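First the structure, then my questions, so here it is.
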Amino acid sequence: MILDQMVADAHGALVRAVPEHMLSTGELLTANQGAAEVLRGGGLVAFPTETVYGLGADAENPAAVARIFAVKGRPADHPLIVHIATPDQILHWAREIPTMAWHLARRYWPGPLTLILRRASCVPDIVTGGQDTVGLRVPDHPLALALLKVFGGGIAAPSANRFGRVSPTTAAHVREELGDAMDLILDGGPCHVGIESTILDLSGHQPRLLRPGAITLAEIEAVLKQPIAQPGNEAPRVPGMLRSHYAPKTPVCLIPPAYLEAEVRWHLGQGQRVAVLSRIALLLPDACLWKGMPDYPAGWARELYARLRALDVQCFDYILIEAPPIGADWQAVRDRLERAASAHPISSPRSSRGISAPFGEVGDHSVN
Ligand code: TXA
Ligand code: MG
């Protein structure tokens, strides 16, 4: 019944979420067949991955891909990642594939690693923003993998949020933000990684990290047995990789742990409503909302976007967040927090005390 409705509604451009856990294997197959039909018809399917939800279209249908850009409000020069079912499909989408790509695909796919490779001629310009490269990854989510298998082709998919906003980690997030614009939303539960994939550019002379993620620089260096370049702000800009934000509407401030309590009290003293995210437990007045965060990077990553979304609708004046540690393990979480915090000018005592968050290791990659 749910599935019948889903297919009918998909063709009628209405949205039905299909909770994966409610489906048997046979029903899952039917759901994916329905979703694959929507893709073949040029429609948009939001689907779960292990990182964040994607807003998918047939990667070889330029008109369908154009709808992604329209729905997201995304500039045309920001290229999309093509999701594929198996590593061997690299051969269809890329050319001049370096051995390194095979090593990494074997080690990390399915998983949260996107490889930038020289593109094959079948890749439409609209997917790559006109660049000579294409981003590829095999997502590690049973529903995404089943959909890719049934569909058979590549699915071009950015995160299923409006341009510059926080990525969705549940189907409900997608429904709230883009529901009316989707032909179908597949519900695979909360994403277990929670932040976007690591992006590694293998199209040049030296491998280059474009976006930090759950798979760390050190892990990649260990597999490739060579150092990976990290562009700073001075590095040449890749089209579509301009700085932008993963930002809630509420201003976000990052505060070193030692100053957090004083900072909260200062804001409360100004009559402001504040929410606080921190690993450390604080003795705070009841007037502010405190949410404890995990003490390890994967836990932070998994919870971060859902927390920001939940706080964003509560109309706080500020979301104050404990700056995470400097260590390499925290690079991806720090990166996302820095971007969230850079969306709004800051008005607080930190500037007068000369405190700034220790960010900016990976300079010029986009968040969209
Ligand atoms: O985890 C993820 O990567 C999620 C899920 C849905 O797979 N996707 C995602 O897509 O985060 P999006 O579009 O929000 O971010 C993709 C990033 C953008 O910064 C884009 O510029 C970069 O990947 N990218 C894609 N293709 C590229 C290319 N050919 N060269 C350089 N950067 C590229
Ligand atoms: Mg995005």
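Keep in mind that glycine also has a Cβ here, set from the backbone N, Cα and C atoms.
What TrEMBL lists as L-threonine binding site is T51, H83, R137, A157, S197. The feature compositional bias 'Low complexity' is assigned by TrEMBL to 345-356. Here TrEMBL flags 29-215 as domain 'YrdC-like'. Under the heading region 'Disordered', TrEMBL lists 343-368.
Tell me what's around each of these sites.
Same-chain residues at least 6 positions away in sequence with a Cβ under 8 Å from that of T51 (L-threonine binding site) are, in sequence order, P112, P139, S167, C191, V193, G194, I195, E196, S197, G213, A214.
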In sequence order, which same-chain residues at least six apart have a C-beta under 8 angstroms from A157 (L-threonine binding site)?
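Residues satisfying the criterion: F47, G54, L55, G56, A57, I68, L80, I81, H83.
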May I have the list of same-chain residues other than T51, H83, R137, A157, S197 whose Cβ is within 8 Å of the Cβ centroid of the recorded L-threonine site, in sequence order?
T49, G54, I81, P112, T114, P139, E196
Looking at the binding-site residues H83, R137, which sits with the largest number of other Cβ atoms within 10 Å of its Cβ?
H83
Mean pLDDT for the domain 'YrdC-like' (29-215), rounded to an integer?
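Here the mean pLDDT over the domain 'YrdC-like' (29-215) amounts to 96.
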Report, as a single number, how many Cβ atoms besides its own are within 10 Å of the Cβ of S197 (L-threonine binding site).
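By my count, 28.
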